[in-house]
Amino acid sequence: MVVNTIHWFRKGLRLHDNAALRDSIRGSDSLRCIYILDPWFAGSSNVGINRWRFLLQCLEDLDASLRKLNSRLFVIRGQPTDVFPRLFKEWQINRLSYEHDSEPFGKERDAAIQKLASEAGVSSWIIELNGGQPPLTYKRFQALINHMEAVELPAETITAEVIKTCVTPISDDHDDKYGVPSLEELGFETEGLTTAVWPGGETEALMRLERHLERKAWVANFERPRMNANSLLASPTGLSPYLRFGCLSCRLFYFKLTDLYKKVKKNSTPPLSLYGQLLWREFFYTTATNNPCFDKMDGNPVCVQIPWDRNPEALAKWARAGQLRQEGWIHHLARHAVACFLTRGDLWISWEEGMKVFEELLLDADWSVNAGSWMWLSCSSFFQQFFHCYCPVGFGRRTDPNGDYIRRYLPILRAYPAKYIYDPWNAPEDIQKAAKCIIGLHYPKPMVNHAEASRINIERMKQIYQQLSCYRGLGLLATVPVNPNNGTNGSSQVPVGSVEDTSVQDVPPRAERTQSTQKRRHEDALNEGSSKSWRQSK
Amino acid sequence: MVLCYVYVNVPFNFRMKRMKRIDENSNDSTSVNPPEPFKRIRPEDSEGPHAHCVSDDYPVCDWARLPQELLLHIFQYLPLLDRAYASQVCRGWNQAFHMPELWRCFEFELNQPASSYLKATHPDLIKQIIKRHSNHLQYVSFKVDSSTESAEAACDILSQLVNCSLKTLGLISTARPSFMEVPKSHFISALTVVFVNSKSLSSLKIDDTPVDDPSLKVLVANNSDTLKLLKMSSCPHVSPAGILCVADQCHGLRELALNYHLLSDELLLALSSEKHVHLEHLRIDVVSENPGQHFHTIKKSSWDAMVRHSPKFNLVMYFFLYEEEFSPFFNEEIPVTHLYFGRSVSKEVLGRVGLHCPRLVELVVCANGLRPLDEELIRIAKHCTQLSAIGLGECEVSCSAFVEFVKMCGRRLSQLSIMEEVLIPDHKYSLDEIHWEVSKHLGRVWFPDMMPTW
């Protein structure tokens, strides 16, 4: 029987360590690698131009690599549920492969496609990981990882040897029908667009990986680099967007890092902290996979219900961020600072709003990691101390005393002396005039008085967390609950009394304390191991 | 709806009496007037003690005839919405819903969709409460969002609580302090309605409101015997004289929260007078309005008087100052127990804290800078022998000094919240080794706090 295969690229935009692709080639007579592009997405969705450009560059790169193997990438415009029945028929497809997407939206979409496929007599080849309940704290997650079986080696890269006799029928009009579109074709205005600081694609990703590892080994033997002004600028060895789009395989990164560490440190076991970046991704993916409400506060069992303020004006001002908008990336400590400022630190605006801005502008923001990080940074998750509040002025001063970062991304303030560059509104009038930037005229006055705002907000946070019984008492610090449903109240009628100390409290009739009707989740019911299963359905 | 199986073990004649009483009540003139949003689920039962028996051997289990005490007990477990649905089932349950015991506590949630994501208490329910239950209310709080309308709505409700004898009143702004936007006179008149009518206020929470000295006088005139707790941080219209009046008259005051500008030697002495009960908590917010603000000092003798009078009292201080504004503080011994630095604080000040805060129980530092706090921490471990909780944000400490600190404090450190970036590896310890060392000295597994690395 002739086997005609489609491999559907979504996230794993690479030919190295692509187990689904490699395995589906075996025994195939023909192979077509496709990417489905929803044209409506470009105009209407919350995805900015930098992300689109990155994606298109990834697709170009894939196409170029496939060309070297006498194949091509087929970019199909439309929606998967419309596209697939047509392709199955036209190309006589009987095998469909793709890499499992664990995010809730992805799982839903794939379930629909699988159904379509089986109705058309097409077998689906998917690799997936089985897991139980997700761990709710990063520390617990780390503890679990320590007990898990070793990570599997990356799958071999797709080369001519792997492809062997499998062919890709390419028509003369391939470029017209299935070529990678340009930004203009998708309706973007490209005039004035600066060169990409982060060029997309697997080739670039692999090159950066090598440079990243070189730098790591060279810089003080894997010690944590100290934060300085340069850290805030985009690094030529940064990898996060490539991990997100799948141009770089996490597994490959993991193994290369491990090998290098062992070489430099003479075979000692690498600590978990070495893989921090990878582990955080995994952690958020794991937590989010069964929770379609993960990116919202309402109806999200792992999110604290905080009475955020609705303030579109302040939000618009906050979103003006320079580097983020221009380049699509900011250093993760800068992210912490801006996220804190928007939410619990100063503006008291919902983390969902900040998440949407990052989703639009950030190259490496994917659904799980973005939502999870925002919840974390706004102290909406159950595993975070909320006292730690970034002071925007102080943070800048400590990290970059000369203000180079500000001068670069906010050129209007360029002429301010270092003393006032972080709080130009406090500069005397003559300094403002000399810098040719009057606050209130050329540059807006600060949105909030930080001292006042942080005072109010820490109080608000404390009030909310006091509903969780472990935070009763005078202190700001408390044992963070492991079980998010411990002592949470729904819409209860809690008396005021002394919320600081129950002994002074006027204890109202016991009856008024309502019980939580939320389900209890048990972390210990977690699967201790994680097994990989090779699923094939007919 | 939650339906529980209830085995009613009451003597038959008592049951008959209960049913009769229900019947009488059901002929009451007070009509069942359900709040708008709650639809009727089933038509009400008709009168008459009809028994709904399955068999004569089993006791009657007619849900409509459950004794009121039992209904009350069950209803107390239900959240308000479920209770409201239950109240629509039949007259008996409706009456139980309106029993005074269920209306002692209420939290009015006042939000506008334009300024909040959360739902508000339904206006019809509010009307019902004012109409039928205002004299049952004892523990009341108002949660308002950042819109002025919500705060004004709260004031309107307050003005109508004339029949109330409140024990607890809390005005809580959940976002920006919207009570400050309400015209002062409107706010004051609403508040004084409660002060005058309650006469037995025990707990009062009015932070971030435009309360003033005259209204505090009214509070004192009517509630001096009962007032135990007063929280009024950030009430800019109150003067030190105003709060002194409260301390002088309300001898049962055990908890007080205010801003530093209201603190005076006289106030501390008044709180330490013979007539005054032991103070339990004093919370002080030290907030800078403008950089370079000047703060007055409190005499050590005043603090000493406090400690003598109330040896176990907790002094909670929150500092939101610019670095250069700390000069009046920590130059002499101060009995602070819980200390929070909400902004950057210098090494020097932390050094002084180590020397002058022997009663320190919890220390939280948001930010310090890029010079290690090694000596300062060691000094704190040495002199602050009661320290059991510490939190460090943007600071730096060398790993060796940190281990030394933990060793000196030992197991009394029940809370150790250190951001991972704070710890600087040195020749003795790397980051991974440190978590073992610290866990060893603490007697439990410990990790630093982490922030996601993208």
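Residue 1 is the first one shown; counting continues down the chain.
Any Cβ shown, glycine's included, is placed from N, Cα and C.
TrEMBL lists A:3-132 with the feature domain 'Photolyase/cryptochrome alpha/beta'.
Spatially close to A:R281 (FAD binding site) yet at least six residues away along the chain are A:L243, A:C250, A:S368, A:V369, judged by Cβ distances under 8 angstroms. Under the three-state DSSP scheme, A:R281 (FAD binding site) falls in the helix class. Residues or ranges marked as FAD binding site in TrEMBL: A:Q277, A:L278, A:L279, A:W280, A:R281, A:E282, A:F283, A:F284, A:D364, A:A365, A:D366.
Per TrEMBL, site 'Electron transfer via tryptophanyl radical' is recorded for A:W308 (among others). Taking a C-beta cut-off of under 8 angstroms and a sequence separation of 6 or more, A:W308 (site 'Electron transfer via tryptophanyl radical') has the following same-chain neighbours: A:M297, A:T343, A:W348, A:I349, A:S350, A:W351.
Summarising the annotation, TrEMBL assigns site 'Electron transfer via tryptophanyl radical' to A:W351 (among others). Packing around A:W351 (site 'Electron transfer via tryptophanyl radical') is summarised by its Cβ count: 27 other Cβ atoms lie within 10 angstroms of its Cβ, all protein chains included.
Summarising the annotation, TrEMBL assigns site 'Electron transfer via tryptophanyl radical' to A:W374 (among others). A helical conformation is recorded for A:W374 (site 'Electron transfer via tryptophanyl radical') in the three-state DSSP classification.
If you look up TrEMBL, you'll see A:486-505 (among others) marked as compositional bias 'Polar residues'.
Summarising the annotation, TrEMBL assigns compositional bias 'Polar residues' to A:528-538 (among others).
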Cα distance (Å, whole number) from A:L279 (FAD binding site) to A:W374 (site 'Electron transfer via tryptophanyl radical'): 17
Residue with minimal Cβ packing [other Cβ atoms within 10 Å] among the recorded positions A:F283, A:W374: A:F283
Binding-site residues compared (A:Q277, A:L279, A:D364, A:D366) - the one with the fewest other Cβ atoms within 10 Å: A:Q277
Maximal Cα-Cα distance (Å) across residues annotated as binding FAD, namely A:Q277, A:L278, A:L279, A:W280, A:R281, A:E282, A:F283, A:F284, A:D364, A:A365, A:D366: 16
Interface-proximal recorded positions, chain B, C-beta separation under 8 A, candidates A:W308, A:W351, A:D364, A:D366, A:W374: A:W308, A:D364
Counts of helix, strand and coil residues, the domain 'Photolyase/cryptochrome alpha/beta' (A:3-132), according to DSSP: 60 helix, 32 strand, 38 coil
